[in-house]
Amino acid sequence: MAEKRNIFLVGPMGAGKSTIGRQLAQILGMEFIDTDAEIEQRAGADISWIFDVEGEEGFRKREERIINELTQKQGIVLSTGGGAIVSKDNRNYLSARGTVIYLETTVEKQFQRTQRDKKRPLLQNVEDPRQVLEDLAKVRNPLYEEVADIILPTDEQSAKLMANQIIDLIDNLKI
């Protein structure tokens, strides 16, 4: 990769965006930023608390402001929250300001990867988390596909291998 163009990772919770993003940034010598971590740092509170106090709408407003700001930086690998693409503005920011990689995974893999994670507000205090994941996938998967320059399944490979695959795919795109 000759120039350090922004790389934006989108996909559902549990797809591996943060893990793969860290690997990718390390290999490329780029800055890694996780939007959820950035939101928590700026708010001085975790995402579950923000959801409890401000609701999902309040959280999404914070997320949109941060994505608008961060996507204007140069040479970053940005891991977005699973619902970031619901916002048309976010989809526009991501598409216009970098290469968007959709890290695709199955609902079953998502469920396995998130079932013990207490930092997933949309999966807390629900009767059937798997059904929630299926419902989210129906709404969000077409939006991930819409915004993606590259779609990459993440179910069976290591983060380092996935990061190297992304580099190869971006090089082949000649973006």
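Positions of Cβ are set from backbone N, Cα and C atoms, glycine also.
Per Swiss-Prot, the features are:
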type    : residues                                 : note
BINDING : G14, A15, G16, K17, S18, T19, R120, Q157 : ATP binding site
BINDING : S18                                      : Mg(2+) binding site
BINDING : D36, R60, G82, R140                      : substrate binding site
Substrate site shell beyond D36, R60, G82, R140, criterion: Cβ within 8 Å of Cβ centroid: M13, E63, T80, G81, G83, A84, I85, V86
Proximal residue to K17 (ATP binding site) among binding-site residues D36, R60, G82, R140 (C-alpha distance): G82
S18 (ATP binding site) and R140 (substrate binding site), distance between Cα atoms, whole Å: 18
All-chain count of other Cβ atoms within 10 Å of G82 (substrate binding site): 23
Cβ neighbours within the same chain of D36 (substrate binding site) - under 8 Å, at least six residues apart: I47, S79, G81
Taking residues D36, R60, G82, R140, which bind substrate in the record, the widest Cα spacing (Å, whole number): 18
Most Cβ neighbours inside 10 Å, all chains, among the binding-site residues K17, R60, R140: K17
Distance [Cα-Cα, Å, rounded] between G16 (ATP binding site) and G82 (substrate binding site): 11
Cα distance (Å, whole number) from G14 (ATP binding site) to R60 (substrate binding site): 19
For R140 (substrate binding site), the three-state class that DSSP assigns: helix
Cα-to-Cα gap, G82 (substrate binding site) vs A15 (ATP binding site), nearest whole Å: 9
Intrachain C-beta neighbours of T19 (ATP binding site), sequence separation six or more, cut-off 8 angstroms: A159
